[in-house]
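S.K.: Below: one structure in structure tokens.
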Amino acid sequence: ILFTCMIPKKKIKQIAITATRSESPPAAEETASLVRDAGTNTDPVGCCARIREVCPCPPRGLLASLVTKVTMAAVLFGVVWSITEKECLPGGSLFGLVVLFLSAMVGGKLVALIRLPTLPPFPPLLGMLLAGVLLRNVPVVTDAVFVEPRWSAALRNVALAVILTRAGLGLDASALKKLKAVCVRVAVGPCTVEASTVAVASHFLMGLPWIWGFILGFVLGAVSPAVVVPSMLHLQKEGYGVEQGVPTLLMAAGSFDDILAITGFTTCVGVAFATGSTWYNVLRGVLEVAGGIALGVILGFFIRFFPSKDQDLVATRSFLLLGLSVFSVFASGVAGFPGSGGLCALVLSFLAGLGWGGSKAPVEDVVGRTWDVFQPLLFGLIGTEITISSLNPLTVGLGMAALSIALTVRVLFTFIVVLFAGFSFKEKIFIALAWVPKATVQAAIGSTALDMARKRQNAEFEGYGMDVLTVAVLSILVTAPVGALLIGLTGPRLLRRPKDPEWRTSRPEGKPATHSPPLQGHLPRTLLPKTPDFSVQWL
């Protein structure tokens, strides 16, 4: 093929292009050439030619990809619209969920972009929560973005099941065996004391019944690994507190603190919604806990052996694990034992992961990706439950007072439980301050009592449930950013770095030093398993 062309801004007399055509390797080659005087081609490059270069026909490259994706989106919308009709239009629940999900994702990304020097990034969940609050309280948007309460409650329960599954898989048996007195005290003591403090404060300040006070107490009693773990990893990377085991202690104790709070919450919810005498309700709560644990043990041992190893383990195990967890959360409510479902999901996922051993990592990855989808939905939906215009200023003020009292008691008690753990005075202060943030658990269980009250159409319980949810949201908005800032600001000032100048080269980046001895016999250096994602499973 021979052709000539004119190249602007360059004087070229001739251009000769030779093409060789070969029918087969041994065949003779044919060569043809055509030479044309380039100086005789004076035709200018027209506008149409430039358009053809930019937008070739048929389209190629970026334009073709854009057209294809737009077409696919239009086809998907058409299919969904033909099935659901009004649900995918503005004002429909499906449309509201899509807008809420995208808005929460954008809000999380924007908050994550806020970076201050030497400080860990702000938790994205804060932006997700604020996105839901804005969608609920902007007049024009509120009418278009609507999610039916039944859909919202169902999705939040699914998110709760996913969180519990991650918590169970994230627990490590070796870490449980190696936990010493200090870690047990840090995990159990502050949570229990704060829950009791909130129960007393909310009873006398907000007028909540005692059982609802303890429901609120256990909602607020959980620390948030979603805030603590990234902050600890940031300090650990810089070497702060590594030799003393401070980041290791807090990351390990965080998961057990949350499990204790969830267990107490489910027990109190079961008692609150039970009918009958007080002793019967207490006995019923104990039976719910025992029943949830027993059913979790049975299901956990079942999925340890089924599917067998000759099947597609990752896909089948992930499906059964998530499916049974979601089923246990929903079925327990249908059966009238709402407190047993969460414990069942925790126990079965822990036993399944214990039986799978090292092969549970791919399943954890699948569960983690599932959480990436439900996290913006959970925090966005929690935000949409808050209508600023309908909030009672007195309730907000009293709730903030109860929260402030509880946080003060929690910080002081945390300082007390680490008094004889071998830490310095500054390290004790840091551990107490690092135990402040709240986020994930509050979003997961904060609306559970309200959903149950709505389902039973109990107006009095709905009021109590709304108070619990309001204080839970306030705790996220206040303690998540404040806690991240406290950890980031006080860590470099209160924690010590290794004296060895070669500490960075003596260990992998971001992992604790392994050359130092255990902390006065209290805290093993190998408290966490070898994989650094032990407590990150909550993120």
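Glycine is treated like the rest: Cβ placed from N, Cα and C.
From TrEMBL, for reference:
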type	residues	note
TRANSMEM	62-83	transmembrane segment
TRANSMEM	95-114	transmembrane segment
DOMAIN	115-486	domain 'Cation/H+ exchanger transmembrane'
TRANSMEM	210-229	transmembrane segment
TRANSMEM	259-280	transmembrane segment
TRANSMEM	286-307	transmembrane segment
TRANSMEM	319-352	transmembrane segment
TRANSMEM	398-422	transmembrane segment
TRANSMEM	469-489	transmembrane segment
REGION	498-528	region 'Disordered'
COMPBIAS	498-512	compositional bias 'Basic and acidic residues'
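Could you tell me the structural context for the features on the list?
M.R.: Sequence-distant contacts of the transmembrane segment (259-280) (same chain, at least 6 residues past either end, Cβ-Cβ under 8 Å): 164, 167, 171, 187-188, 191-192, 195, 211-212, 214-215, 217-219, 221-222, 286, 288-289, 292, 337-343, 346, 441, 445, 448-449, 452, 456, 461.
Residues 263, 266-267, 270, 313, 316-317, 320-321, 324, 328, 332, 337-352, 354-356 of the same chain lie 6 or more positions beyond the ends of the transmembrane segment (286-307) yet place their CB under 8 Å from a CB of it.
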S.K.: Please figure out which one of 62-83, 95-114, 319-352, 398-422 racks up the most CB pairs under 8 Å against the transmembrane segment (469-489).
M.R.: 398-422
S.K.: Under 8 angstroms, Cβ to Cβ: which one of 62-83, 95-114, 319-352, 398-422 has the largest number of such pairs with the transmembrane segment (210-229)?
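M.R.: Per the Cβ under 8 Å count, 398-422.
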